[in-house]
Amino acid sequence: MESSVATHWLSAFVILCSFITTQSLNNKIHEHMTIDELRNVFHVEHHSRVPEYHLVQLTHHLARRNIPTSHPANSNSADSGKTPHLKTEKVTKGGYKAPSLLNDEMFVEAKKRIEDVDIMGDPNSTVSVDFKVQSSEFGDSESLSDKEHSAESQEDGVHKIDLEAFGRQLKLVLKKQEGLIKKDGLKVWKALKNETQPHGVDYEEMITEDDEEFGDLYQDEENGAALLIRRHPKHGKLVVEGSIGHDLVIRPIPDTMTSPAQDDEMFMDPSSMADMVSIDTGLPIMKRKKEEQDRLQEALNGAQHVIIKRDPAEVDHMSDYAFMEPDHIGKRYRRKRSAEAHNRQKREAPYVIYPEILVIVDYDGYRLHGGDNVQIKRYFVSFWNGVDLRYKLLKGPRIRISIAGIIISRGRDATPYLERNRVGRDAIDSAAALTDMGKYLFRERRLPVYDIAVAITKLDMCRRQYANDACNRGTAGFAYVGGACVVNKRLEKVNSVAIIEDTGGFSGIIVAAHEVGHLLGAVHDGSPPPSYLGGPGAEKCRWEDGFIMSDLRHTEKGFRWSPCSVQSFHHFLNGDTATCLYNSPHEDDSLPRVLPGRLLTLDAQCRKDRGTSACFKDERVCAQLFCFDAGSGYCVAYRPAAEGSPCGDGQYCINGQCITEHENIIPDYSQHTPSYVRPETSPFYANITSSRH
């Protein structure tokens, strides 16, 4: 009897010790990650820099009585003998809740009443997941309570998630998004140093994974959630990544941690690894201990994601902007408005405008994401989904972000405009880099058509008040006010450019929205407009109110646009210099049988549109026809030249390309940057305005 009791208590003690050990492991799961895993999940390269996070496991259910009879989930029922896609799961943070502590009878009863279905397979389904938080000595512990999930949504692609994390209750209503990526898919290029190519850089289009593997984009406007959701190709579970609100990020846990240990699984990081082993190359590598991998599996308990809380210091950054020319030039050109231009009927902005963004990822950003092209694509699509979400809050004008393409830099020399302006090891002079970027893009004609080019860097951005001053850090973004679609011909510089800093974890989303706002004509709240744009400015809106065009984004207003910003957008988008934003990136213009460009010269087309002449008569007109506007002094891109328009010696515009007559059309994406021209502008450094602190 005594022996039996002793055995019982000994067993209980062993179980308790095992539970506590697993709890501790769960609370510090990041300490068992390799450097590559840290970089993949948290975008940091040292365990001490990992932010606060929760381990999360997602579950999706539909009530059986509400499942449409035509839904394929019916074939996954218990009667069919097929295994459903997903299983009932729970959420943990800090502490681990052993399966033995669950109410088995409640689990069995719930399993009888509900049925797992494929959230991606049913666009009409409504999904609800409830996360509840309770305290433990290891931190907050979250458990999942199953709720009734129905297919009551009447709108395709709407899914609901109820969750409580970091003391906040969130009810996400996620709607599937279209339009950020073009119908023919997202184009991605890699940029490499090559002295034989123009500007010493070679651009090569990359073949990436199909859209099904890539996933679908979802947004919740009210809660500021922008997510990319896909199915894992092996086990079929949902993989979710993106941003929630201004400080939460959800990321998947690497497969190397969620998969059982394999004999051929090798790691270079020495933390929690076995002794070094040798392979044929003679180089030492490290292998994670099987016992360690098993403990990770037990601690994760099937969790596939982490919710990360960003440091507020990473959210609130200063922003700078530059004016495009001195004030007196803008006034003079407004006085020169000709009677012909004044009487010409103005083209009003459409109900929806589509800024097409060319995303340029520098080499440090490439390394930040582990050099994984697929992950880089997913991250930055999720990133711009978050930026687009901020513009979705505008009810008028309606602005829909579209990605023209992504360029991934495979070396520092692939972005020479950044490299030439390095300050020390980890910073760049933002004003000088922006100027050089504009000049580089003016000469570069191998890139896809775009309205705005944005370089994204992990490097710290700094500013000099004067040429030889110290470069003061703290800036996170830099752009020209009203620069969208604009080129300075005298200085040979594109003004439709911006540089933003992003250190991972979607820290640069609001900064990107802010800088694109500058390019679309908005100034900082509390500031007057530049004279060359005119309009309402933002003097009536206080900087301290903390809207997007302020740097004091400490409340929910940091997701919204001030009334002054909205008025500035209206003014800019209805001006003569914004017409390149009017075309939809998804228009499918079929080739007409009679080519109108053979009937009207480029000058004749401009006379009909602007009453003036064409600014350029080379291959650029196939992407955008620039016509001189006497009223503003700019060359304005109204639309592409008509099909069949001449674009060089014996060459004509066909499907947006300048080709020799009867030549086969082979896509090479060599169209020139959409741009405007304004003569007699002054050098950039004479017109820099800093943000308010």
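Any Cβ shown, glycine's included, is placed from N, Cα and C.
In Swiss-Prot, the motif 'Metal-binding' annotation falls on 514-525 of the listed ranges 34-45, 166-177, 514-525.
The disulfide bond recorded by Swiss-Prot for Cys564 reaches one of Cys541, Cys580; that cysteine is Cys541. Of the cysteines listed (Cys462, Cys580, Cys606), Swiss-Prot assigns Cys580 as the disulfide partner of Cys485. Other Cβ atoms within 10 Å of the Cβ of Glu515 (active site) number 27 in total over all chains. Look at Glu515 (active site): DSSP puts it in a helix.
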